[in-house]
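Annotated features, as they stand in TrEMBL:
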type     : residues        : note
DISULFID : B:Cys25-B:Cys57 : disulfide bond
DISULFID : B:Cys35-B:Cys46 : disulfide bond
Amino acid sequence: MIESQRHSYHLVDPSPWPISGSLGALATTVGGVMYMHSFQGGATLLSLGLLFILYTMFVWWRDVLRESTLEGHHTKVVQLGLRYGFILFIVSEVMFFFAFFWAFFHSSLAPTVEIGGIWPPKGIGVLDPWEIPFLNTLILLSSGAAVTWAHHAILAGKEKRAVYALAATVLLALVFTGFQGMEYYQAPFTISDSIYGSTFFLATGFHGFHVIIGTLFLIICGIRQYLGHLTKEHHVGFEAAAWYWHFVDVVWLFLFVSIYWWGGI
Amino acid sequence: MGKEIELKTAPADYRFPTTNQTRHCFTRYIEFHRCVAAKGDEGNDCERFAKYYRSLCPSEWVERWNEQRENGTFPGPL
C-alpha cells in the first residue's frame, strides 16, 4: 500500500485477469459456433475457452478476496461501490428474465392458428402446478427465510449459527434443484415440442441455471463464514449472495404463477 | 341480360376488428366443422359458415387443415 494515500478509494493493481477472461470468452464464442456447425476442433476450442473462463474466475476472485479480507482495501466507500455495482447487476438480470416472460406472454396470450389458437397447445400434457412446482415454491421460500436467519446470525456475531443457517439454505437449494431435475426428466414434453416447450424450458431452465449459481455463491459464503472471513460490520459478499438469492426466489414466484399455473389452465 | 351476380364476402365480425383476419378465417373454419358435427351435413344450417371461411381463408390453408383433420393432427378446438 502506498503510504502517502490520503483517500479511502481502492486503486487496483494492474491485473492479467481481464484480458485472460476476454480471451476465454472469445475462444468460447468461436469454439461454440464451430462446434454447433460441426467444424473440426470446435469442441476442443469450446472446452478450452470454458476452462479458461473458469480459471480466470477462480484467480480473479481469489485476488479480490486477498485485497478485501487480507489487505483491507474494501473501505466503507469501496463497499458502497460494490453494493451499487451488484444492484445494477441484478437489475440487468431482471431485464434478462423480462425478455423470456415477454416471449412467453407473446406466445400464450394470443396463440397463433398454427397451434390452433389455444394455450396450452393441443397434445401438450402440462405439469400439475400443485404437485412438484408448488412444493418447490415452499422450498425456495423457506430457503429465503433461512438466508435471512443467517443474516441475523452474522449481525448478532453468532458465527457458528450463521454457518448452520447457511448450510440449511444450501440444503434447501439443493433439494429444489433435485426436484426440478426430476421433473425435467419425467416431463411429458421437451424443448422441441412447439412454442410451449420452447418458452417453458427457456424460462425455467435459465432460472434453474441461476439457482445453481446462487447455490455456489451461498456455499462460498458458508465456507468464508466458517473461516471467519465475515464479520458483524463487514460482509458484503454475503449480502450480495442474499440479494441474489432473493432475486432468484422472486423470479420463481413469477414463473410459478404465470407459466406453471396460469399457462397450464 | 341475365340475372346480376351478387358478390358477397363474410360480414364484419366484432370479434375480429383488426385488419389481419387470420383468426377470423380460422374461427369460421372451426365453427363450420363444429356445426356439422352437431347438426350433420344434410341441412343447410352450416352452409353460411362454409361461405364465410371460404371467402376469408386462402385455399392452401383450408387444404392443409382438411389434411390435418383427416390425420387427426388438427390443432384447433373442434
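Each Cβ is built from the backbone N, Cα and C atoms, and glycine gets one as well.
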Sparsest-packed of the listed disulfide-bonded residues (B:Cys25, B:Cys35) - C-beta count within 10 angstroms: B:Cys35
Number of Cβ atoms other than its own within 10 Å, given for B:Cys46 (disulfide bond): 20
Neighbourhood of B:Cys57 (disulfide bond), C-beta criterion under 8 angstroms, separation at least six: B:Cys25, B:Phe26, B:Arg28, B:Tyr29
